[in-house]
Amino acid sequence: MEVKGTPLEVVGTTEGIRDVMVVSETQGKVVSLFVKVGRYVSKGSVLVKVDDELKLIALNSAKVSYEKAKKDMERYEELFKEKSVSEAQYEGVRLTFAKAEIDYSLAKRQLEDTEIKSPISGLVTTFNLEIGEMLTLGSVVANVVDLSALRVVFRADERVVFSLREGDNVEVRTDVYPNEIYNGKIVSIGSKADVTHSYPVEVEFSNKIEKSLRAGMFVRGVFSVNQTLSRILIPASAIFGEISSPFVFVYDRGVARMRNIKKGDPIGNKMEVLEGLLDGEELITTGLVYLKDGDKYELLPKISPPVVSIITVYPGGGAEEVESSVTKVIEDQVSSVENLDVVISSSNVGLSTITLQFKQSANVREALQEVERLLNLIKNDLPEDSEEPKAFRFAFDELPVLRLGVTSNMKDVDFFDLIDKQIKPAIGSINGVGQVNIVGGTKREIRVNMSKEKLEFYKMSLGQVVASIMVANLDFPTGVVKNMNEQFTVRISGKISSVDVLKELVMLKVPNGGEIRLKDVAEITDGAEDVSQYNRINGNPSIGLLVSKQSDANAVEVSKEVREKLKKLEQTYAAQSLKFEIGQDGSQFTLDAANSVKFDLYFAIFLVGMTMLLFLHSIRNAVIVMVSIPTSLLTTFIVMYILGFSLNLMTLLAYSLVIGILVDDSIVVLENIYRFLEKGTERKLAALMGRNDIGFTAVAITMVDVVVFVPLSLVSGIIGNIMREFAIVMMFSTLVSLLVSFMVTPALASRISKLERFTGRTLWEKFILKFEASYEKMLISYERLLRWSLCHKKVVALVALVSFFSSFLLFTGGFIGAEFITQSDRGEFSVFIETAGSSSLEGTNAIAYKVEEMFKEIPEIERVMANVGVSNEGLISGKSSNITEFNILLVPKNKRKKSTDDVVIDIKQRLSKFSGVKYRVSPIGIFGTANQTPIQIVVMNPSRDSAIVAAKQVVKILQGIQGTSDVRSSADSRGTDIAVQIDREKMASFGLTIQDIGAVMRIAFAGDDNSKFRDKGDEYAIRVTLKDFDKRNIEDVKNLGFRNSGGEYIFLKQFASVYQTPTIPALQRYSRQNYVNVGSQVVGGATSGAIASEFEKKVKQVKIPERTQFDYLGDVKNQKDSDSNLGLAMFAAIFFMYLVMVLLYDSYLYPFIVLFTIPLATIGAFYALAISGSSINVFSGVGLIVLIGLVGKNAILLVDFANKLITDEGKPLVEALVLAGKLRMRPILMTTIALVAGLMPIAITSGAGAEWKQGLAWVIIGGLISSTILTLVVIPSTFMKFEEWKQRTAQYFSRKKQVA
């Protein structure tokens, strides 16, 4: 068998890959235009010229000042050499010249800004300006498409596209330049064919400077495809279709694809394939796609909450300054974005964080674009030292998949460089990896630690040192040298690349001719930047790596490929003892949860099969019914593939749940066929008559099931994202089961079904005879009960009402709680500790070490990953010197005696012995991150002080509610700042400005790192700051020195008051009001909903500050949103169910009778929740909606058959109801027991994610049992009462007509 490469030529049209929107950074009148749409422009070419009259005047003025200052400088230089002027006078003139030089340079740059230039070379696609038009800051000037690389989307025939792979080389040719070849690569291959049976193949290729192609040009792509395999033997069971058009399924890129083939001769149980298969394809021989190692599993469907976050870094800014100068400015700007719901902000020291929560109907991508546009307009309104605001959206599927700890025997700085420049890019290049973030480590930095004493001795300022280093550390492009044949760029390479060179830089020349060099006033070391966080794994120092996947990548597959890459990297860097240890792998729980649901699925199929065998008495009849399960499931797999669904917890749960439903229709049809067989009807005719007789009822019970899932699939928000795929899978599989019952079940029954005659000869026959005898006795008892109930309808109604209302007392009695999503025992949780607000990182790290030693004493803990100085709770990440996060992994469930809750209690008891340490424990939630505190109460007040007072009252209330733990307020974390109050008059008298003071103080205490050190092509920061000894306490701040333009040296304490003041590290705002967040964990079996209800009662009894308002975040808010969404879906489901029955029965009365099964079902549902210890949450709420459709089936079977007996056979009302109850008892019991049996594995499972599924299963099981028992009695009584009312109404109108 020989495989050869065959060229395939396809055609397409080029298009640009990247386009750049050119935005005006100046304002003024347009005076000249240099381009138009469709013209090619090079990088730096002028697009528009703006009126420069005012800036030209400013330039001329700056030039005059510069020339005058230059002359003065030259004159004073001579005078200084002659010692005719003092050093201070000379220094003052030198500084004046330096300022004039900067002003002149700035004026020239501002004049250049009047020419708006293209940032890239490319094609102008948008340009709508006219001469005379006024430009403003942020105005869109043009859109330029980058033509350095182009994209083409070719269409490849389905017969060959599957031999192509991403990354394959492609030759791109064009008739414009017939001899040129443009080299490209396949970047993506579409997963869906169009009507012409071809697939999109996206190719990117590099353009050429000469003979450059443009967007919109017609090109040809030449691919190399593999020839088909010939004469290969495959299992005959893998071939489908008719003889004339056989096909097989192959496994390609994670999905099943159909492949047409040409068959040869059969050889044993195998078949020879002559044509159709491609090299490298995996054949599916069973009809099911078994994904290897679960590579395509996901924990949940894709979820993207409507949230946009804006982060702005403002180095050195205090919390109040950040709030007033950054946060409020941005809040005012973005508050007009469409569909914005809530704005939440936090202003910390040096950092502003703003979270925009949009309405569920908002398009988050469009909202993000609008936010970025608005932020671009206010860049100049923010402080000069602040960084540009960065906006991004949240997506749960882009959270870290892997948390790694990396260790090595290398020096800290070299190790960080290895991670940053080698390991991180290597992991980031893996297919599906979206982002790799480094946590901890020591980054190389050139430290220039200034001595305050020496600065004071030489009367030098920190600003002077920084300026001297900057002007000595520059690269200058100075022009070109060219002749007829060659051209060279001339540039000055002035970047510092040696520490020795840096040490020898001249800072000052003294009168005696000597020079003060940098080494004379500072300690210069090739060292590391100040550590801002520590990372350890199991107590060993490490560098942390957080690996996130791309939005559309598969978490399990990414994790698997990253693990394989880590092994190779360990081998590559074995000499450096490089080791990776996985602290947390989110994909492992995904696999465990998926495997648990798969086991539930298989076990459910087994139990349903046993149920069918018990009631139908023979394997033949059981097989006829059971064939609906694989048929429906496989068909639904096709629907999932078309809709792009993944195999996740929800779709697999839907498959497990639907097992009992799939056999319902087949049971009803087969039972009716069997009834005709017992009458002596011939088998084929019995199959036809039985199907036709019950067909309408089968349609009714199926459509009632289906319509309840329609509202669930349309629910918005997080609930909709989680449940949509679940609802659609349930809906389609149920519809397919109806088709199976109409087509497959009668066909099989007509061929293999037969009446079973049992004589008791075998053990099985004896068992069946005994079972049937018991069933007949039950029917007799049921007939007596039914006849009694028809005569005592009021008693029946009273019992039903009492049962119904008693079930609601379970809520008020505290037997059933409410929450958003039940916490699952994942064997993982996070511990957060917080030291005093003024604690240093080193002090916090020392305490963290002790806590880690304590963790080693707990045998259930397998792994601890510590992050000192940083914490991540939910989607929020925070940095502070007084916080530490520990990610803890326990040993597997089967290897430990304690549950996760028991371990958490033990840890809390041990942590309580650490004085001065606040702690809290957060379990890892359904989204794979440490859950945010479930109880989060927003305390709002226009006055921040009043909000803090109210928050303290809320803390006391929560502490008094049973089930709360770790109650804390965001205002509790108070620190101490050193405040500097400047006397402006004194400052001015010394010839200083606020800008001078701020710049020097920032250098002294934060450091200046604007200068870069170059080494082997890499750049590292040169940080100029005071040495640590000179910035230890408040006295060091007071004695900080400044030099004015006259050469005088002044201390800060001479014109400012310096004192310590308490401060809140974070100033928070909610909907642009001051707020304090009060949070609490939930323990002891309590639920967040019950605690919130208790809080609302108690807070009314307390006098709180005026104008205080409350709102909720976290689980309580999510629960309230889900309750409203699920409540609406439930009412819509009931309404749709009623409408469907009205359409089917052409009656408003009988469908109304069926609806009485719903309250009967809630009785058992609520009692099942109470007995099982489950709560009302998202999953159990969905169970209630599913239950609505399921319980209506039994009533439909009864009502429909009774109605037929009355109208078609003329039976009396009572006899018709009794006969309908007896004849429909078997299918009702079979369907109910099949459903319960299918749900029992989910209800009693103890695998991964069991807690999420159990509530749903118990709701349906309890509801089915109560509704089945009560339906057989209550529905006939209700039917009879409605018939009596109907007859009385008819008689009443008949008498009125006679009288008239």
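In case you wondered, yes, glycine gets a Cβ from its N, Cα and C as well.
Since this is a predicted model, take the numbers as computed values, not measurements.
Here is what TrEMBL records for this protein:
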- 19-146: domain 'Multidrug resistance protein MdtA-like barrel-sandwich hybrid' (DOMAIN)
- 59-117: coiled coil (COILED)
- 599-616: transmembrane segment (TRANSMEM)
- 694-720: transmembrane segment (TRANSMEM)
- 726-749: transmembrane segment (TRANSMEM)
- 795-816: transmembrane segment (TRANSMEM)
- 1126-1145: transmembrane segment (TRANSMEM)
- 1152-1172: transmembrane segment (TRANSMEM)
- 1178-1199: transmembrane segment (TRANSMEM)
- 1228-1250: transmembrane segment (TRANSMEM)
- 1256-1279: transmembrane segment (TRANSMEM)
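Below 8 A, the CB atoms of the transmembrane segment (1152-1172) and the transmembrane segment (599-616) form no more than two pairs separated by six or more positions in the chain, fewer than 3 in all.
Of the two recorded stretches, the transmembrane segment (1126-1145) lies close to the transmembrane segment (1178-1199), with three or more CB pairs under 8 Å once pairs fewer than 6 apart in sequence are set aside. The stretch from 599-616, 795-816, 1178-1199, 1256-1279 with the most CB pairs below 8 A to the transmembrane segment (694-720) is 1178-1199. Across the domain 'Multidrug resistance protein MdtA-like barrel-sandwich hybrid' (19-146), the DSSP tally of helix, strand and coil residues reads 55 helix, 35 strand, 38 coil. Packing against the transmembrane segment (795-816) from elsewhere in the chain are residues 789, 1090, 1159-1160, 1162-1163, 1165-1167, 1169-1170, 1174-1176, 1266, 1270, 1273-1274, 1277: each is 6 or more residues past its ends and has a CB under 8 Å from a CB in it. Each residue in the coiled coil (59-117) has a pLDDT score, and their mean in this model is 75.
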